[in-house]
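*Asks:* Quick one: this structure, given as structure tokens, is what I'll be asking you about.
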Amino acid sequence: MTTTRRIGLTGGIGSGKSTVARLLGQAGAVIVDADAVSREMTLAGGLAMAAIEQAFGSAFVAPDGAMARGLMRQLVFEQPSARLRLQAIIHPLVGQETARQAEQAVAAGARCVVFDIPLLVESEHWRARLDQVLVVDCREETQIARVLGREKALANKAGLDSAGWDRAMVEKVMAGQASRATRLAAADASIYNDDLSLTDLATVVSQILPRLGL
């Protein structure tokens, strides 16, 4: 009988966590993406939308029926209580769906399920479900530069004059996340992804695969 390892993958915005998740997926891990599940819950007809409209009002529902992300982002940055209300709606739904996906992978004989969770350290919900926590780490200036570079590339691709995020916005997001020290203190293993090329990062990831059951 296959023993499935359950790994929590986390890291701050711009750390390269999503790239590490992709590399682990290519190595055979089943990736359960908490962010993707959260987005699905807040699309038109998503399971969180009725509660969001009731809690925040119709102004936070976009014309297409999805959550008005820009408006909600601004609100939760300005009002911590609003962030807690939103999390109280979304997090239980995300927990249920990620558990369902993980159990499906276990039933199919997966050797490793990786929970890709941006706020793993910030939430008490996850640790008891995991065998190990893997943290992707880099300097804060690297995080900022990566996010701004990504936003600029997206703006150029869309033909826009300016990116949707500026440095202040990135810093606000980072301030709402656990510090580097807090994340690393919770890690069973970590990857320092600061000046690594994609090839070098893939090499580092390959070196930890045996610890993950891959």
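From the backbone N, Cα and C atoms, a Cβ is placed for every residue, glycine too.
Straight from TrEMBL, here's the annotation block:
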- Gly14, Ser15, Gly16, Lys17, Ser18, Thr19: ATP binding site (BINDING)
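Quick one: where do these features end up spatially?
*Replies:* Other C-beta atoms found within 10 angstroms of the C-beta of Ser18 (ATP binding site) number 17, with every protein chain shown included.
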*Asks:* Name them in sequence order: residues not among Gly14, Ser15, Gly16, Lys17, Ser18, Thr19 whose Cβ is within 8 Å of the mean position of the Cβ atoms defining the ATP site.
*Replies:* Gly11, Val20, Val136, Arg146, Asn193
*Asks:* Look at the binding-site residues Ser15, Thr19 and tell me which residue has the greatest number of other C-beta atoms within 10 angstroms of its C-beta.
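*Replies:* Result of the Cβ crowding comparison: Ser15.
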*Asks:* Going along the chain, which residues six or more apart from Lys17 (ATP binding site) have their CB under 8 A from its CB?
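*Replies:* The answer is Leu9, Thr10, Gly11, Asp116, Pro118, Val136.
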